[in-house]
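Noted in TrEMBL for the protein shown:
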| type | residues | note |
| --- | --- | --- |
| COMPBIAS | B:324-336 | compositional bias 'Pro residues' |
| DOMAIN | B:342-587 | domain 'ABC transporter' |
| REGION | B:319-338 | region 'Disordered' |
| TRANSMEM | B:6-25 | transmembrane segment |
| TRANSMEM | B:37-70 | transmembrane segment |
| TRANSMEM | B:82-103 | transmembrane segment |
| TRANSMEM | B:110-129 | transmembrane segment |
| TRANSMEM | B:149-176 | transmembrane segment |
| TRANSMEM | B:197-223 | transmembrane segment |
| TRANSMEM | B:243-268 | transmembrane segment |
| TRANSMEM | B:289-312 | transmembrane segment |
Amino acid sequence: MTSDIAAILAIDGIATGAVYALVAIGTVLIFTVTRVIFIPFGDIAAFTALTLAALDAKRFPGTGALVVVLACLASLIEIISLLRAGEPRLLPRALLFYLVLPLAVVGAAWLVMRMDPPLAVRLVLALMLITPISPLLDRIVFRPIADGTVLLLLTVSVALHFALVGLGLLFFGPEGVRTEPLTSFSTEFAGVLISGQTMLIVIAALVFSGLLYLFFDFSLVGKSLRATAVNRTGSRLMGIRPARAGTIAYLLGSLMAGVSGILIAPVNTVFYDSGFLIGLKAFVGAIVGGMTSYPGAAIGAVGVGILESFASFESSALKDVIVFSLLIPILIWRSLASLHSEEEIEE
Amino acid sequence: MTRFHVQLAAVAVVVCLALAPFVLSPFSITLMNYIGIYSLVAIGLALLTGVGGIVSFGQAAFVGIAAYATAWVSALNGQSPWLGLLLGVVLTCSVAAVLGVVTLRLQGHFLSLSTVAWGLAIGFLFGNVEGLGRFNGISSIPPISLGSFALVSSAQIYFLIWGIVAVVLFLGYNLLDSRLGRAMRALRGGNTLVESLGINAFQIKLVTFVIAAFLASLSGWLYAHMSRFISPGPFDAGMGIEYLMMTMVGGAGSLLGGVVGAAIVTLLKNSVQDYLPLIAKGASGQLEIVAFSALFILFLQWARQGIVPFVARYLPKTKRERPQPAPPLPRRPQPTPGELLLKVDGAERRFGGLVAVNNVSFEVRSGEILAVIGPNGAGKSTMFNCLTGALRVNKGEIVFAGRPITRDPQSRIARAGVARTFQHVKLRPRMNLLENVMLGTYGRTSTGLFAGAFRLNLREEASARHEALMQLERVGLGDKPFELAGNLPLGNQRILEIARALAADPALLVLDEPAAGLRRQEKLRLAELLRSLRADHLTILIVEHDMEFVMSLVDRIVVLDFGSKLCEGVPSAIRNDERVQEAYLGGVA
């Protein structure tokens, strides 16, 4: 391997890693606030790419139908649980959030799409369509078992991923998509060609991580999310609703996953099931950060991207084997590094 | 319901299974074969997840290793499938042992995530290794033959599959009811208790992990020779989840749940495949996995326990006989009264900048009750944890019965004769009183894996049962040995912990705040019990808060304050010591 190739591989790796980093940060966000290891984040990223591709092709994406189905389900569950709790006066508010709002988003997207909007608008539309999915899934799937162990939540999360892959095939079909590049700009740096897309990916990753940092450190909502992450019961006593904090975390997280999906779509061909590997690799990165640190997760994810890039140069068939085998030493290192209080498994 | 009824039911089920191939259609028999093959994996997973508390997403990879091994031996190299079985089992168990050694020290969800990682890595390997047919798989795998009789049709291999399942279930239940099985069942709920009983938790986890992999390898072998063709698909991560699902649906805590879960999931999947196309045309494959995952999620939301435990609640309870008298277990040589038993010399323990225990020295002599007291934050619990090996001292030395134990792990210290109880009671609420106390006899018994599974240990088992009953009677809980430990009130749970500690035949009994949370009557009963133990020449070290309880009971007291030893002496002297009064009451105003 010459230094030229190494440099190209490294840049390639950094770009892929930056995409993983966005998903990884979302994963850490959700985990700290809700204790759910949200494996389906990768699917959200892939679905965004597919949504964008459908919009580009002037088809209304399957995401719309998916959101409608999920919104109906979530509303149904919310209605039942509110009636059971004997609080029918909260019904209008719940319906507004779980039914009207998502349906309005889909409706708006449908109307705008008919006007043949430019690329920037299509990007916004794709993000708008994708963001309601995770909060709705949270309401349907995780809220009823919010008190469960991390392991139970993880098991459910893995099952949810498989459901989403099936739904992905149903709503988007088996074809892979590759969207048009967001920019055709490219530059040469120290003799190596860097595409504008790569730079865009890295810049987007930096900007979003920075925004997240500002959000957490300087806004009350961000602080309440951090409080929930540290201690659910304690923050509840301070008037923070963990369920609401969870919804905000899911919204933010899926926004980041959505952005990463948009960024990766012009670089890699995305299929309905591409999300799993994106999610898992991001997750490997998140584990490097101990599932609690945002910079740690970002650095870990970039590391995974670079590793993958070099591994695929050595042996493209075995690159995934290499990446996942490496997870084990990382896990051991993390497990040794973190002081664990013994988690009592439910009897 | 007696043991006889259970056996009768088992025989009836076996007869039904044996007759099934003569009545069922070939398609149904094939379905039954799949159920049997999946059952094996699910039984192993029930042992691993339900009993041992280790959630594995990667069992499908073990199935795959064995299936590919036997396919390589028989289809590609023309050797006997039996040689394939040998290679498959050895290879799978070796891989599992290596993975286990590397990962089983991981905690909680880190461990489960590692199973996702190696499950995926191995899964990818099958499709990418040159010489294993890549994604096309390996075809024309020969059938298993017994002598010259080849098991070609599904009705023929049926008997082999279900015979293996029956034997596995039989041995599995035997194992769970043995010394090692009790240790496995104790794993769920944390290592601290397990280690304090002299059990090497890591070793037990490793054994459980390899057993589960072994069962998966049997399944893989049968699968390869039944379907006569393998490809990477059935061994990928999705299948790993499906196995976990079978286990959880059946009821992760029970081996039978593995079979029931495998049956339900397989039949359900089959009917989903049949009926979904009728509801939604042209989308069967996709909707199948969606419907399936949705059902699984619903199941986890509504019935985390699984089906078998749910049904078992409505069955009449099996009546069990009280253990009969049996030859006693060997006892350890007890120290002579008055001899130096435990010596703590200059112990120091820091947490970062905080010195929790600072240069503390004291001695415990055989036959006495010594109390370590002190106000909140005095370092009592830290001292206690250093003694029992839960924490290491940074400086100083601890000598027990003439042997330094400063650097020993918990289980070594326990085996040396230090038995403990916990401030926050640690019992296994789903095991009965007798089994909880029998956990204490682990260090005094020696039955291994095979002796346990084949019931070659009846004498030792009877002795252990009788010993446990005697200790229950000694502490006054002998009337209901088959009650579940979780049903006892707190006072009796503390007493039960003492019975468990006594069953280990300790030289030193260490009690961590035994009176905490007890009512007055319960405290009096506890004090009485401890006095009777002293009368039997047992040495007791108590860490306690309750002054009244301590003053009337113990021989000597060591007072700690801010991590250092304040003073030491008989109760009356301590009561009048000004420094102690100041520490507790904040000085003379």
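Keep in mind that glycine also has a Cβ here, set from the backbone N, Cα and C atoms.
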Residues of the parent chain within Cβ reach of the transmembrane segment (B:6-25), under 8 Å, 6 or more residues beyond its termini:
32, 155, 158-159, 162, 166, 318
Residues from the same chain, set at least six apart from the ends of the transmembrane segment (B:197-223), whose C-beta lies under 8 A from its own:
36-38, 40-41, 43-45, 47-48, 51-52, 54, 56, 59-60, 62-70, 81, 84-85, 88-89, 91-93, 95-97, 99-101, 104-105, 157, 160-161, 164, 168, 180, 183-184, 186-187, 191, 230, 234-235, 411, 414-415, 439-440, 442-443, 449, 500, 504
In the same chain, which residue numbers or ranges, 6 or more beyond the ends of the transmembrane segment (B:289-312), come under 8 angstroms Cβ to Cβ?
238, 245, 247-254, 256-257, 260-261, 264, 268-269, 272, 276
Counting Cβ pairs under 8 Å that are 6 or more apart in sequence, does the total for the transmembrane segment (B:149-176) and the transmembrane segment (B:82-103) reach three or more?
no
Restricting to the same chain and to residues at least six past its boundaries, which positions have a Cβ under 8 Å from a Cβ of the compositional bias 'Pro residues' (B:324-336)?
366, 401, 417, 441, 444-445, 459-460, 462-467, 505, 507, 537, 539
With the transmembrane segment (B:37-70) as the reference, which stretch in B:82-103, B:110-129, B:243-268 has the largest tally of C-beta pairs below 8 Å?
B:243-268
Run through the region 'Disordered' (B:319-338) and tell me, per DSSP, how many residues are helix, strand and coil.
0 helix, 0 strand, 20 coil
Stretch-averaged pLDDT - the domain 'ABC transporter' (B:342-587):
87
